[in-house]
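Report on one structure; see the data block that follows.
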Amino acid sequence: MNSTDVTKGFTEQFGKQAEHTFFAPGRINLIGEHTDYNGGHVFPCAISLGTYAAVGTNEDNAFRLYSANFPKVGIIDIPFSDLFQDKRGLWTDYFQGMARVMKTAGANFTHGLNVYINGNLPDGAGLSSSASLEMLVGTILNSLFDGGFEPLELVQFGVKVENDYIGVNSGVMDQFAIEMGRANQATLLDTNTMKYEYLPVEMGDNVIVIMNTNKRRELADSKYNERRSECEKALAMLQKGIEVKSLGQLSEDEFDENTYLIYDPILIKRARHAVFENQRTLKASKALQDGDLKTFGKLVSASGVSLAFDYEVTGIELDTLVTNALKQRGVLGARMTGAGFGGCAIAIVNSADVEDFIDNVGKAYREKIGYDAHFYVADIADGAKQLN
């Protein structure tokens, strides 16, 4: 898929030529899962799979929206006068949410837009299709209406849409990775301070393979909110005995010394993941900088174990992929990525072994789960941008 596909689709739907094209990537997180709302570090990168848009003007004072990913929905009109109406339960809620947040922040929509959208991110796969759409919309509206918003402002607008409009208490990682991504680099982001640095992803003879369970993350939103609530409860218990603003501020030793303040075994497990995952992320980013891929792979795998047993956000599909991935020749590490409860896992695989890896893991998954997983070699890409 490329911009030509959406310009053709635009003409078919709206009967005229598109004037602009845009792209926003998806993302994978190398390590640092469920740490972004706990004041910890994350280490994501944008990928070449993503969401495209072709855009043209109209004189109707409305956004006229079509997505090739939801063809049965057809064209949806959102008049400017309806921007602050309730959400409709459609994909257009993300467009409407971004538009209303930007309008509140001072954006001036001087004319209508026809927008044709098509993406190649599998829906519900945990590669951040919703954040990709939010950053795509933010880039479109900021570019075409001279909004003047900085990239980090668009990131915060996207988080606000998720939290206040869609109803998912997500952190900042997805929107940040998609808006701020750079080709062949991952971003080490301290979500507590929003300080970040770009680090080259140099894998030598290895590649990152994305493994899609093809199980939609149907429970992810409710369980995501539940995990965040559990971490907040654990933090509140710790704060009764020590001065700490977020779980991400604690070292492993500091956490171990103060677990007596958390008198719930489930909450201890949740908080332990947040604390230890943050430290793993710092160690992993340093290992990658040092070219120590063996250590990097071990830390990635350790993250997966913690997500399965302390945070409990995997499930049989992800566990089957990761367990079988780690049995294969040429694999340095593997774990789930994203919110969990379905979606995707990643593996670091020697490029010479990728074909056998996909065959073997795919066969084992089919035999265990009853349907196919899909595999993609990740291409680390730039963030959201206008293409023409």
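Placement of Cβ uses the backbone N, Cα and C atoms for every residue, glycine included.
Look at Arg27 (site 'Transition state stabilizer'): DSSP puts it in a strand. The Cβ of Arg27 (site 'Transition state stabilizer') has 33 other Cβ atoms within 10 Å, all protein chains considered. The site 'Transition state stabilizer' annotation in Swiss-Prot covers Arg27.
The annotation substrate binding site is assigned in Swiss-Prot to Glu33, His34, Thr35, Asp36, Tyr224. Under the DSSP three-state reduction, Thr35 (substrate binding site) is assigned to coil, being neither helix nor strand.
Of all Cβ atoms in the protein chains displayed, 30 besides its own lie within 10 Å of the Cβ of Gly126 (ATP binding site). As annotated by Swiss-Prot, ATP binding site applies to Ser67, Gly124, Ala125, Gly126, Leu127, Ser128, Ser129, Ser130.
The number of other CB atoms found within 10 A of the CB of Ser130 (ATP binding site), across every protein chain shown, is 22. Under the heading Mg(2+) binding site, Swiss-Prot lists Ser130, Glu162, citing sequence analysis as support.
All protein chains shown were included, and the count of other CB atoms within 10 Å of the CB of Asp174 (active site, proton acceptor) stands at 30. Residues or ranges marked as active site, proton acceptor in Swiss-Prot: Asp174.
Within 10 Å of Gly126 (ATP binding site), counting CA to CA, the recorded positions Arg27, Glu33, Thr35, Asp36, Glu162, Tyr224 contribute Arg27. For the binding site of substrate, formed by Glu33, His34, Thr35, Asp36, Tyr224 according to the record, the largest Cα to Cα distance is 12 Å, rounded to a whole number.
When the Cα atoms are compared, Ser129 (ATP binding site) and Arg27 (site 'Transition state stabilizer') turn out to be 9 Å apart.
Ser67 (ATP binding site) carries a strand DSSP state (E or B). Same-chain residues with CB within 8 A of the center of the Glu33, His34, Thr35, Asp36, Tyr224 CB atoms, the substrate site residues themselves not counted, are Gly32, Tyr37, Asn38, Val42, Gly171, Met173, Arg227, Ala274, Glu277, Ala339. Distance between Cα atoms for Ala125 (ATP binding site) and Arg27 (site 'Transition state stabilizer'): 11 Å, as a whole number.
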